[in-house]
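Here Swiss-Prot flags 1-13 as signal peptide, drawing on sequence analysis. The region 'N-domain' feature in Swiss-Prot is assigned to 12-189. Per Swiss-Prot, the feature alpha-D-glucoside binding site maps to Y100, K102, Y121, D128, D310. According to Swiss-Prot, the feature region '4 X approximate repeats' maps to 183-248, an assignment based on a curator's inference. If you look up Swiss-Prot, you'll see 183-194 marked as repeat '1-1'. The region 'P-domain' feature in Swiss-Prot is assigned to 190-301; the stated evidence is a curator's inference. Among the features that Swiss-Prot reports, region 'Disordered' is placed at 213-256, 347-389. Marked as compositional bias 'Basic and acidic residues' by Swiss-Prot: 213-232. What Swiss-Prot records for 252-290 is region '3 X approximate repeats', and it gives a curator's inference as the kind of evidence. As annotated by Swiss-Prot, region 'C-domain' applies to 302-389, with the evidence given as a curator's inference. Marked as motif 'Prevents secretion from ER' by Swiss-Prot on the basis of sequence analysis: 386-389.
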Amino acid sequence: MFTLFLLIALSSAKVYFHETFENRDKWIDSTSSGKALGPFKIVSGKWYGDANNKGLQTSEDNKFYIAAAKLDEEFSNKDKNLIVQYNLKFEQGIDCGGGYIKLLPKKSIESEEKFTPESEYNIMFGPDVCGGSKRTHVIMNYKGKNNLIRKEIKCESDDISHLYTLIIRPNNTYVVKIDGVEKQEGKFDEDWDMLAPKEIDDPNVSKPADWVDEKEIDDPNDKKPEGWDDIPKTIVDPNAKKPEEWNDEDDGEWEAPTIENPEYKGEWKPKRIPNPAYKGEWVHPQIANPDYVYDPELYKYDSFAYIGIDVWQVKAGTIYDDILITDDIEEAEKEAKVILERNAAEKKMRDEIKEAEKQKEEEAKKEAEKQKEEETKEEIKKEENKEEL
């Protein structure tokens, strides 16, 4: 029976969207966002694993990039795996900008050009970098609310391509991979605040009035030293002298400046000691939440119809490529293997380019130093000739 079910599942496995960017015909820029959009370009990039492989690149700094494409067909992931996978390169050396994608239901927009940052989406997935923050977003919409994953998933921020994979299973579990390596996995009801909490504070219990939660107290045996408050904060500078040119009649009576008193110790405070009555931090007793109801279909969306890119980039140059949306894990893994091999070749080319640039810079530096040395010798020679004359 299981074998039959497996064969049926494999035979019905489908690819709903596969974009390798031979062109950008599927992608329509937003005309409804009200923002000044930067243009996308189809490029191979400065370094690549295959010169014939293209991607969709952001091309102008400090611009929004908002475009959408229609999936090959509308579908629901009910009772099926959902795999969202794509290759992304921050070729520009990202400092602040996103590289994520959004999956939208049919009801969200009438057509691709109607896509805006406010359009409702089912899932937002992918890297987002700004300053020290480098995270992979996995935002799930549930009953109209966008829920951020509670776990932190670091993203890659260098200038080579990385493959991002999100797997959602019909048992309410998920996996996030980067470059084929699992970075996070878990359960929907544990890693997102989609449902009401399973337990809540018992409303019939309050912290006892005599509960002591102060760890330390003032030492009752510590006394303020006599004369403590008599020490002034400032004193007359003993090294100050009235200027010889000072005239009391013209300048007024001279007053020596004051300085901070090295003997002054500030406000006296008694020493602190452990509180013998301390009971520890009071923990509110928990009870089962009567509003908690488990949803076995947290993973499920009735409609996937569009994919959108909606990012702001301070520094442009990000390249999207190899976007795959399918319910076939084997198909995604097969494609990932090819992409990762190509990414390895891309890294090799990038390293060779960087090494050549480094050598060129070093040679230019040596040439400049040599030139400066020759100029110095020439100056010395000129000075010597002047002295002889």
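Even glycines carry a Cβ here, placed using N, Cα and C.
Per-residue confidence over the motif 'Prevents secretion from ER' (386-389) averages out at a pLDDT of 68.
Neighbour counts of Cβ atoms within 10 Å were compared for the binding-site residues D128, D310, and the top value is held by D310. Mapped onto three states, the DSSP output places Y100 (alpha-D-glucoside binding site) in coil.
Counted with DSSP, the region 'C-domain' (302-389) comes out as 60 helix, 19 strand, 9 coil.
Y121 (alpha-D-glucoside binding site) has a Cβ environment of 25 other Cβ atoms inside 10 Å.
Secondary structure of the region '3 X approximate repeats' (252-290) per DSSP, as helix, strand and coil residue counts: 0 helix, 9 strand, 30 coil.
Here the binding residues for alpha-D-glucoside are Y100, K102, Y121, D128, D310. Their largest Cα to Cα distance works out to 17 Å.
Excluding the listed site residues Y100, K102, Y121, D128, D310, the same chain places G98, I101, M124, F125, G126, H137, I139, G308, I309, V311 with Cβ atoms within 8 Å of the centre of the alpha-D-glucoside site Cβ atoms. Broken down with DSSP, the repeat '1-1' (183-194) shows 4 helix, 5 strand, 3 coil.
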